[in-house]
Amino acid sequence: MSLILDWFDRLSERRMRRVAQSHGRRSLVGRLGVALVGGAVLPMLPFDRSGQFGSAQAATPKPDPNNPEKCEYWRYCAFDGYLCTCCGGSLTQCPPGTEASKVSWVGTCLNPNDNRHYLVSYNDCCGKSACGQCICNNNERERPGYRLGVHNDINWCMANTSPMFHCTTSVIVGLAS
Ligand code: ABN
């Protein structure tokens, strides 16, 4: 009988110690210590301050500034309309059946290939309904209507025989001074 009681005593003691270890004062102090040290060390660890995560950067390809069929093309910095390069025309030529607007607006765009600024004339192409392909709206140095020559948000076909707007070309006028 005493053997069984001894065994029961030891078992109870072991259990009680285990409970005391995980819920007692010492364990609380231990956990607090871990939290304090962790809180102090964590901000010292090196981390990416660039604002962009590596994986996100890898997943998003950089826009190509040299593709005239994309809105990111460098000459389109103050463009507003449909790219004529997507509408049967080119960077500088209106599509067949349309004619260049008699008036236009200008933008000043940085060419990343030679790091120089160029004056770009944006001419709407007139005479057909809206092309509807490759819409593009960039507004670098663009100004409201009271600075008409650098305002892009109106139909520049207004002075043509047909005021119908189709798409827009981007012609280099020269180096910006
Ligand atoms: N300059 C392009 C355009 C045409 C019609 C309406 C808004 C903008």
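Using N, Cα and C of the backbone, Cβ positions are placed for all residues, glycine too.
Record check, TrEMBL: substrate site residues include Asn152, Asp153, Ile154, and the candidate from Asp9, Asp64, Asp80 also listed there is Asp80.
When TrEMBL is consulted, the disulfide partner of Cys109, picked from Cys71, Cys77, Cys136, Cys157, turns out to be Cys77. When you check TrEMBL, the disulphide partner of Cys87 from the set Cys125, Cys126, Cys131, Cys134 turns out to be Cys131. Per TrEMBL, the cysteine from Cys84, Cys86, Cys94 that shares a disulfide bond with Cys134 is Cys86. Same-chain neighbours of the substrate site beyond Asp80, Asn152, Asp153, Ile154, judged by a C-beta within 8 angstroms of the site's C-beta center, are, in sequence order, Gly81, Trp105, Glu142, His151, Trp156. With a cut-off of 8 Å between CB atoms and residues at least 6 apart in sequence, the same chain places Ala78, Ser121, Tyr122, Leu148, Gly149, Val150, His151, Asn152, Trp156 near Trp105 (active site, tryptophylquinone 6'-substrate hemiaminal intermediate), listed in sequence order. Within 10 Å of its Cβ, the residue among the recorded positions Asp124, Asp153 with the fewest other Cβ atoms is Asp153. Using a 10 angstroms CA-CA radius around Asp124 (active site, proton acceptor), the recorded positions that qualify from Asp80, Asp153, Thr168 are Asp80, Thr168.
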